[in-house]
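Enquirer: Sharing a structure here in structure tokens format.
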Amino acid sequence: MAAQSARLLVYFLTAAWLAVENEHFALASTTLSLRLIHRFSDEAAKAFKFSPSETNGSAGVSSWRKNSKDYYRVLLSNDFHRQKMKLGAHYQLLFPSQGSNTVSFGNDFGWLHYAWIDIGTPNVSFLVALDTGSDLLWVPCDCIQCAPLTGAYYSSRDIDLNEYNPSDSSTSKHLSCSHQLCESGPNCKSPKQQCPYNINYYMESTSSSGLLVEDMLNLASGSDNTSNTSVQAPVIIGCGMKQSGGYLDGVAPDGLLGLGPGEISVPSFLAKAGLVQNSFSMCFNEDDSGRIFFGDLGLATQQSTPFLPLDGTYKTYIVGVEACCIGNSCLKLTSFRALIDSGTSFTFLPDEVYEKIVKEFDRHVNATRSSFEGSPWKYCYKSSSQELPKVPSLTLKFPLNNSFVVHNPVFIINGNQGVDGFCLAIQPTGEDIGTIGQNYMTGYRMVFDRENLKLAWSRSDCQDLGDSKTMSLTSPPAGTPSNPLPTNEQQSTPGGRAVSPAVAGRAPAKPSAASTQLISSRFCLLRLLPELLLLLNIISAFKANTGVL
């Protein structure tokens, strides 16, 4: 009887074991198998049609014989690049060597924000306009047609501006037409010729042209009022020999710092070199002061919205506005795409959106509409400094309940006797894509998170980002301590509670039902294993004592 029970028990346990294993093999048989191909193999080169120009500006691995020293050299270069990505940026934040301050000089310099930067060895200072709508950093250089650089020409300046001379810098190099970032390369007579550039800007008949050079941009990194670390970063610079349009009439007379997403922009060079993370921030205050930091990802409490591609690529900073609100009223059919452009002084909206906003704004304003001589603004109102009416708020709504409350949607018109009135600071544009200009960024820390393809913002007076010292209209003396880094002090977000940022990226895939079952089966098998071993020991001892087979 005991022998029969033992045999039944062994039979049962064996059947259970086989059932689990059969389930395992049945599930395993449905598992997808893939063949791995090394991306630098001959097979991959044929499949994807790699060309030598597609790998970091030098000959690609596919152009070298496998197992040759050049093949391993390029593989090693790729490994170094991945190490930089994995280990993170060398510096938390960087800013211009003369400080993180930015400043606007009002009408004198086109209402844009400017920063002092140092270029070359020995360094030369330039007061450049900050422009997120373009990519190239250019400065007046070997001038054929440039704006006046003497301080007497500008009422807000008391010293002369500088002109760049590449031959005076020991670190400058000509950029040849064969370089991967030379867009004019195909039109050059010789690949060894110096690369020319010609850029036309949004402003009517405004352009800059000249030759491209490589030189050092002098930056600094430091925190908490400690001494700053000097950092030199190689960047491509436009030697601006000939300017036209607005660049001859007071806008960016000493150059322009392009901050766009293109490969030739300064943020791109800094991130690619592993100096900082692929992000930067700017903050514009109402008193015309501001800050700029490279590598800044902003605050955990900030709101955000994803950048949108244009023609399939992220070649400029475009976001999607879901609706526009005046006061507590959100208007229907007011969605639009907008370029975030610090190089544009004011804000422009598509015609249909513009008409809905200005009419709703006009309905809420308790003031007499008026026109001011020579003013291009259509919605202006009479008032005085003693009788400024309450102006309704203007809010831009973004996905996931994120909102951007414009700090001050109007600007004041001053007359001979003081304040004459105010105007709604937006204009219509005949284009489908609007522009959020520098005036509507005021009061915010704007974060251009290129790494995660999103625009983020948080309310700020720009003083908690560093010392509150006022920026001088003259070039700071060499060796002047720079401002400390931004603090991580939480700031209130417009509209109350912040929501999760909308990050452009793929969510991790959920495990399939088959993989979940397979894990459960193996888990049960592991749970049964100790009991099985114990029972087998009992059976063996029983057989040894009774002599039953």
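Glycine is no exception: its Cβ is also placed from the backbone N, Cα and C atoms.
TrEMBL lists these features:
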type: SIGNAL; residues: 1-28; note: signal peptide
type: DOMAIN; residues: 113-458; note: domain 'Peptidase A1'
type: ACT_SITE; residues: D131; note: active site
type: ACT_SITE; residues: D341; note: active site
type: REGION; residues: 466-506; note: region 'Disordered'
type: COMPBIAS; residues: 469-494; note: compositional bias 'Polar residues'
Enquirer: Grab the pLDDT values for the domain 'Peptidase A1' (113-458) and give me their mean, rounded.
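Expert: Looking only at the domain 'Peptidase A1' (113-458), pLDDT averages out to 93.
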Enquirer: Near D131 (active site), which residues of its chain come within a Cβ-Cβ distance under 8 Å, counting only those 6 or more away in sequence?
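Expert: Within the chain, D131 (active site) has Cβ neighbours under 8 Å at L112, A252, L256, L257, G258, L259, G260, D341, S342, G343.
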Enquirer: CB neighbours of D341 (active site) within 10 A?
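Expert: Taking every protein chain into account, the count is 24.
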Enquirer: Check the DSSP secondary structure of D131 (active site), expressed as helix, strand or coil.
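Expert: In the DSSP reduction, D131 (active site) maps to strand.
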